[in-house]
Each structure stands twice: as structure tokens, then as C-alpha cells.
């Protein structure tokens with residue numbers, strides 16, 4: 001029976017003076033899922049008490065390069081040799097093997113090379129097998145540390161990236177499509193905690209549509225324990241923008257309004273960046289000119305992690321993280337309801353600003369939308 005789960009840190013091993021802060025962020029992330037007393041953080045490794053529950057939890061923790069289920073023995077040559085032979089006995093028959101021993105404890109009686117030879121000879125003396133350092137049937141890893149030695153036979157890939165919260169927070173414009181949940185996941189991987197903003201247009205968007213967004217956020221929230229969803233009633237603004245003289249600009253003006261509202265809300269919440277699931281030139285509103293025009297009134301950075309992705313790349317991630325089955329459910333999206341037959345492909349900020357002069361009540365309506373935002377906490381714990 002395994003005693004521990006050994007965790008290897010991801011990029012945070014490169015972070016110099018800030019490394020302790022990143023390790024503390026990782027510990028807090030682990031504590032979303034695992035009791036504090038079962039976690040031990042060290043400078044280059046973390047250790048968890050072994051359980052299937054703890055093992056499963058690591059699927060939702062960023063900042064981990066890899067992890068292994070390990071046997072823990074005292075750091076003595078006799079104890080290490082005994083456990084290595086025990087593992088070999090459990091795995092036999094096998095034709096070839098290799099030993100990969102590392103001595104972190106410099107006071108240990110053998111160096112790494114001598115320990116490799118000693119353990120290899122012990123197996124050769126007890127089993128009819130051969131050494132194969134390139135592609136062995138069985139490879140046994142040994143890490144000799146100060147208090148204990150950890151022995152294991154495989155590496156499990158972690159999510160990589162940076163620990164959640166290590167990069168701050170972002171306000172993410174969330175829809176029920178395929179792209180925006182995947183974009184949120186990728187931002188989490190870079191250490192950002194996600195706050196979600198969703199625009200609804202009752203009675204056009206029904207309960208089924210809002211439930212779909214809630215379910216998508218539940219999937220993404222697994223990686224951060226819980227998430228705040230800010231919901232804005234956009235019906236009055238949508239109808240008002242619909243009065244503009246150049247109907248081809250409706251989607252552009254709507255998206256500019258989205259971002260002005262998002263920026264006002266973000267500043268109110270002391271959040272320093274916005275984000276979305278936009279992809280360059282995927283649809284009419286995502287040409288370079290459209291993105292430039294929509295972003296023109298905004299001073300906060302707007303993160304677009306999917307900007308250069310092929311749709312198939314995005315779908316692959318959506319399937320992997322479990323959002324795809326929810327995203328493809330039929331629902332009424334605000335953008336779809338409002339789209340003109342022939343949207344403009346190459347808008348300009350100047351033309352958009354001129355058209356907004358026709359809508360003199362727009363700033364007041366946007367301010368009102370922020371004041372009346374509804375807040376929902378979505379938790380998966």
C-alpha cells in the first residue's frame with residue numbers, strides 16, 4: 001500500500017525570490033480539496049497522505065508538473081533494498097528493469113551511482129532478468145531524502161501552469177458557447193482566478209439559457225473551488241442600440257457596450273483585466289478591425305487566450321475538461337438574437353463613436369446596468 005503522493009512543482013521551480021509565494025499559493029489550491037494536515041510543502045516537492053480521493057483531487061490543481069504514488073521507508077540501505085525487492089517481487093515476471101536512484105541526502109552512505117549499482121545487483125541476484133536502461137519493462141525510482149526515502153514506479157502528468165491566484169484575478173465575459181469556457185480554463189492555468197460576467201436579455205434568454213451558463217461555470221469552478229457570476233440584464237440596452245441608423249453596426253455597438261459595462265464593474269471590484277473567448281477572424285465580429293473597434297473605448301487589458309487557436313484545438317480542450325457536452329446544448333445567446341443579416345466586416349472606432357452619439361441615453365443605461373447587477377456564487381465543494 002502506498003503511503004504518500006509525491007508532487008513535483010511546475011514552472012514555479014524557476015521563480016527565484018518569489019518561489020515561496022508560489023508554493024504558498026499552491027498549498028492554498030491543494031487545500032480547496034485536501035485537509036491541511038494531509039499536506040506537507042517543501043522547497044522542491046510537496047507530499048500528501050495517500051488516498052484515492054487525494055489522488056483524484058490533483059486533476060484540478062494547476063502548478064503541478066507531475067506526481068507519483070510512493071512507498072515511504074526510512075533512509076537506510078537495508079530498508080531501501082528491502083522495499084525495492086518487494087516491488088520487484090510484486091511486478092514479477094518482467095524481463096528487463098532499470099533503477100533510477102537520486103541521493104538528495106548528502107549524508108547517506110552511498111552516492112547515487114553506487115546506490116543504483118547496489119539495488120541493481122540485488123534484483124539481479126534474486127530474479128532471472130536483465131538490465132535495460134533505455135526501455136525497461138520495469139523502472140524503479142528511488143529518492144533518498146533526509147528523513148525518509150520515497151520509492152515509486154511511475155510519473156503521472158499534472159496540469160502544469162501556475163498555481164491559481166498567483167497572477168491575480170480577471171473578469172471574464174462568459175457565454176454558453178464552446179470558446180469562452182475553454183478560454184477561462186487556459187487563464188486559470190496561468191494563475192488567474194476567474195470572475196464571470198454574463199449578459200442576459202429576458203424574455204429572449206430563458207431559464208434554460210442561464211442554467212447552461214451556470215453548468216459551464218460549475219465545470220470551470222472545480223479548478224478554483226468556487227466562482228462569482230455577475231449577471232447583467234441587457235434587454236433595455238439591446239433594444240436601444242437597435243434604434244441606431246446603421247444596422248450593420250449593431251453587434252459592434254453591442255460589444256462595445258459589453259466592454260464598457262465590464263470595465264466599470266471590474267474597476268468597482270478592483271480587478272485589473274478583462275478576458276473573453278474571442279478568436280481572430282472566426283466570425284464577422286472577430287476581424288482585426290472589429291476587435292480594434294470594440295476594444296477602442298477600453299483602458300483595461302483584454303486577455304484573449306484563444307486568439308490564434310484553430311476551432312479543432314479549442315474543441316479538443318473542451319472535450320478534455322468536460323465543457324463540450326454542455327456547450328453544444330441549444331440555447332438563445334444574446335449575440336445571436338441581435339445579429340443583423342449583413343454585419344459590417346471592417347468597422348472603425350470613429351464610425352462607431354459617431355453612431356453612439358445617436359444614442360445619448362446609452363451611458364446612463366450602462367451605468368444603471370452595473371448598479372443593478374446580480375451576483376451568484378457557484379461552488380463545487
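Cβ from N, Cα, C; glycine included.
Look at the domain 'THUMP' (52-155): DSSP puts its residues at 39 helix, 33 strand, 32 coil. Feature annotation from Swiss-Prot assigns domain 'THUMP' to 52-155; the stated evidence is sequence analysis.
Within 10 Å of the Cβ of residue 173 (ATP binding site) there are 22 other Cβ atoms, across all protein chains. Per Swiss-Prot, ATP binding site is recorded for 173, 174, 198, 199, 255, 277, 286, and the stated evidence type is sequence analysis.
When each of the binding-site residues 198, 286 is scored by how many other Cβ atoms sit within 10 Å of its Cβ, 286 comes out lowest. In the three-state DSSP scheme, residue 255 (ATP binding site) is classed as helix.
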